[in-house]
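Notes to accompany the following structure.
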Amino acid sequence: MSRTYSVEEVSKHTAPTDLLLIIDGKVYDVSDFKEEHPGGEDFLLDQAGKDVTELFEDAGHSPEAREILSTLTVGTIPSDAPSRPIPVHAQEELPDAYLRVCLLLAVVCMVAGLVYLRF
Ligand code: HEM
């Protein structure tokens, strides 16, 4: 049965007999498939409970692999939930905005200092 999972909920399913993975917003139960995985079960055990979208794509899986994948679906992650790491550009925006606020504060302090000295 397919249902909605949160990323946090999936992260708790890490046991070899209860092993969930996230790929592209969908949740897969690989408990029974792991022994059959041509890439080895260790790959799947190491990634238990995680979003493996990039690893899955990077391994260059065939259309057959994607077909197997579709038989293992147990649910989905709501599209507004962050199931992947924050994109690099978003991580860069944070210190940048922080720096600008600091710079603005420094300029305001300098102007206030100058005004104070003059009058
Ligand atoms: C439920 C998810 C997965 C399914 C259904 C799956 C299925 C398959 C299949 C059928 C193959 C044989 C080659 C092909 O047809 O593409 C394969 C190979 C492979 N898989 Fe996966 N895979 C899954 C997840 C992963 C993950 C998460 C990783 C990496 C962490 C991974 C790493 C590999 C590697 C490295 C190979 C190549 C093995 C070799 O060529 O010797 N797989 N997988």
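Quick reminder: no glycine exception, Cβ is built from N, Cα and C everywhere.
Computed from a predicted structure; not experimentally measured.
Copied from TrEMBL, the annotated features are:
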type	residues	note
DOMAIN	2-78	domain 'Cytochrome b5 heme-binding'
TRANSMEM	97-117	transmembrane segment
Number of helical, extended and coil residues in the domain 'Cytochrome b5 heme-binding' (2-78), per DSSP: 28 helix, 19 strand, 30 coil
Average pLDDT across the domain 'Cytochrome b5 heme-binding' (2-78), rounded to a whole number: 96
